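Copied from TrEMBL, the annotated features are:
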REGION    1-24  region 'Disordered'
COMPBIAS  10-19  compositional bias 'Basic residues'
DOMAIN    23-117  domain 'CENP-T/Histone H4 histone fold'
Amino acid sequence: PLQLLQPKPVPKRSKTSQRKPHEPQIARSLIKKIFSHFVKMPVTRDAFKIVERCSERFFRQLSNDLEAYTNHAGRKTVEMADLELLMRRQGLVTDKMPLHVLVERYLPLEYRKLLIPVAVSGNKVIPLK
């Protein structure tokens, strides 16, 4: 008589190998540095944890929106125009408050030089493209 074939038992995987991959996170020190720059007073740990969670959600939503704008335009690379459109839709950039004014107001000088062309002697414009 033919016997039914029994499947071989598969050994179970250990729980350590079933970890979920972690999403990249913004460094806590960076969030704390930026937040402390604007708040200028001591912050409790519980409050800072909430600020961290809000920052992560904000940047996740920001990246999803930028990705949607880029896909809608038929591109694979996020451009400055996508960011400016997002900030315009959020009400941060208006006709009376252009993007370069926000850059000058809130970013340190080394970042401003990278984002806003600056004329120097010899008819050169920095950053060079």
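Backbone N, Cα and C define each Cβ position, glycine as well.
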Structural state census, the domain 'CENP-T/Histone H4 histone fold' (23-117) (DSSP three-state): 65 helix, 0 strand, 30 coil
Taken over the domain 'CENP-T/Histone H4 histone fold' (23-117), the model's mean pLDDT: 87
